[in-house]
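I have placed the structure first, in the form of structure tokens, so that the comments after it can refer back to it.
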Amino acid sequence: MMQGLISGAVFSICSIAVYFLVIKIFLKGQARSSFLNPYAVIGTLAFFSFLTGYYVRQTAVHTLALAMILFCFMVLEWAGLVDAYTMKIPNLCTIVLLAGRILFMIPELLFYKGDFPMILLNSFVPAFIALILLCLLYKISRSGLGMGDIKIFTGLAFFTGMYGFCVSLLFSFLLCALCSLPVLLLKKKNLKDALPLGPFIYFGFGFAAMLSLI
């Protein structure tokens with residue numbers, strides 16, 4: 001239990017640090033003009049991150065797996081925050097996910113005796129399949145899915161593999177649908193209005209990680 005609490009605290013601290021870095025570097029004051037209350041955002045991120053870190057630590061097979069989940073979780077938080085405030089996901093988020101996965105291959109090969117061709121296959125094939133699937137969804141939804149969403153999901157598939165991508169995609173869409181329903185019922189938005197998917201990708205990945213599905 002103590003390890004879970006420590007892991008939760010680390011996730012929470014990293015999450016708060018990411019929030020302030022994103023606000024200062026990428027948003028540059030745009031958050032002040034947003035309807036989102038900064039204290040509510042920080043509290044939500046800290047609490048959700050703590051829960052994610054706590055439950056992930058209970059099931060993580062080794063330290064490297066925990067580090068990889070934390071890294072991916074932080075990048076998705078970055079993407080989600082920027083998307084929530086600007087309706088855009090930076091290309092840099094996807095690049096960091098791709099580069100991070102390649103860097104994590106090094107300890108995976110050195111300390112865990114991974115099979116290099118299989119590791120590459122388990123990253124590139126899911127990314128390619130995800131890209132094709134998401135482009136089809138983009139066409140079907142008539143641009144309802146943004147290009148930034150497609151890129152970050154492709155990066156996520158490269159980082160986590162096919163199963164992690166599918167589960168995160170499912171949770172993200174479910175959460176987005178659940179949150180869209182009351183907004184539509186209250187007539188705050190209509191079907192033509194867009195909701196940023198980035199925050200739901202972040203929460204979807206977190207829930208999937210908590211349930212040991214990644």
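Any Cβ shown, glycine's included, is placed from N, Cα and C.
Features reported for this protein in TrEMBL:
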- 71-180: domain 'Prepilin type IV endopeptidase peptidase' (DOMAIN)
- 6-27: transmembrane segment (TRANSMEM)
- 39-56: transmembrane segment (TRANSMEM)
- 62-80: transmembrane segment (TRANSMEM)
- 92-112: transmembrane segment (TRANSMEM)
- 118-140: transmembrane segment (TRANSMEM)
- 152-185: transmembrane segment (TRANSMEM)
- 197-213: transmembrane segment (TRANSMEM)
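In this chain, the transmembrane segment (39-56) lies out of contact with the transmembrane segment (152-185); the count of Cβ pairs under 8 Å, excluding pairs fewer than 6 apart in sequence, is fewer than 3.
Of the recorded ranges 39-56, 62-80, 197-213, the transmembrane segment (92-112) has the largest number of C-beta contacts under 8 angstroms with 62-80. In terms of DSSP secondary structure, the domain 'Prepilin type IV endopeptidase peptidase' (71-180) contains 95 helix, 0 strand, 15 coil.
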